[in-house]
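Taken from TrEMBL, the feature transmembrane segment applies to 7-28, 48-76, 88-106, 126-146, 153-175, 442-462. Residues or ranges marked as domain 'GP-PDE' by TrEMBL: 181-430.
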Amino acid sequence: QYDCSWFLFLFCVFLFTLVWLYFAVIILNDFHNFNEFIFRERKLWLDWSLVLLIATAVLISYSSVLLVLALFLQLCGQPLKLHWVHKVLLILTALVVAAAFTGLGIKWAEEWKSARISLQATGPFLHIGAVGGMTLLAWPLASFIYRTHSTGLKVFVLLVFWAVMIALYLAPLGITSPCIMEQNQLPPKPALVGHRGAPMVSDQHPGSAYNIWLSSVLLCSADGVPFLMHDEELTRTTNVQAVFPERAALNSTAFNWTELQQLDAGSWFLERRPFPTVQSLSPSDRKEAAEQRIPSLEQALEAAKQSNISIMFDLRPENHSDYQNFVNVTLGVILQSGIPLRQVSREDVKQQAPGVQHVYGRKRLENEEPGLHVNLPYQDMSSEEIRQYRQDNISVNLYVVNQPWLFSVLWCSGVSSVTTNACQVLKEMKHPIWLLPSSTYFMIWIVVDCVSFLIIIWAFVLMKKCSHRRRPAESETDVLLTKINSLMQE
């Protein structure tokens, strides 16, 4: 019973860590938010996703090796005899993973929605993996059943095992995915909108990414010049601490345009390497990035007009006392640029510039006008809502979508466009990662369940025969040990 308790604990720690590994892979899509949060709090820039993945890989590798060894000992009929060091490390592993989940729930609760969306991409494959894992577990379980003398324990373990297996066999009844469809039902590929100027292939000042659709944050300088800058402060992406050390912590709207143009807004990208693709830049691209300055809205509109691309922006900070003046100045620049207004998208300028596409940062209201454009985080839209919007001819843009699995789910759902940091990755995708007709998935489901059931029955039958063969040998050994004991006592 002591060994069984620790084996069960080891198995639970392994599953717990495996679930965390799944979450770690899922949150990679949004990990740039965590990197920026740490920078704002600690002024330390690092790609923490590498730390996350390395730490998770160490934990899952350790628990996996221990579990495999424990299973071999179980099959060989040997006691587990787990060393106290491993017991302490297993407890620490469980505590670390529990702390990670707790932190995720407190500081980053929207990632629970991301995990639910991910199940639409991974659900069918998780089902197959879970069935396969539990099927393999039937071998040591059968060995344990035939070596245990407690009838109550045998019945309890068997009931739990078969309850889990039946739940797994029926799990596809609750699995839904937009990618389970016929090939001819697949919607058109969503358009790609470069978030911050596609930072995986350029710096985060969009002046060097005009060859793609552009989405950025817009601010106004102290003397009324609208410019493109994601952060409201300048410390992360410029050398403001070197040029204006006393004013470095101020909001960027406190600087006039002449002062902003003195800042180096590109070298940080080469030095800190926020994305691994930085090392693939050519010498000419590196030179261009190093010379980058903060682009004005006028420059961005001129490039957009020449390239016939669209620009979507969000004017900040909305709580600024002079915000309405920012809106008026921005509209003046847009109208003076001569760019076709259909190429510009903004939320709150409809009355002053009717030609600008009206984009809502919310879901539609009842009796909303046709031709509505919606721009929301991808966690805020279900596949059913996306399909309904598409049927009602409402354009939906979701942000920020970086991972192919997420892009595939949204593609199958029928989203119009996505805002992404990874244009160079998503533009190469010719079709979703996977697409299955419902009849094919049904066949896979039935075959997997039937094969699993037959293997489990075979494992119990085979282990029963092996247990019968071991009993005579064990009896002879017991007789021999009794005789030796008697002789020693004489």
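Backbone N, Cα and C atoms are what each Cβ position is placed from, and that goes for glycine too.
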If I take every residue in the domain 'GP-PDE' (181-430) and average their pLDDT values, what number comes out? 80
Report yes or no: does the transmembrane segment (88-106) come within contact of the transmembrane segment (126-146), defined as 3 or more CB pairs under 8 Å with a sequence separation of 6 or more? no
Looking at the stretches 7-28, 48-76, 126-146, which one shares the most CB pairs under 8 Å with the transmembrane segment (442-462)? 126-146
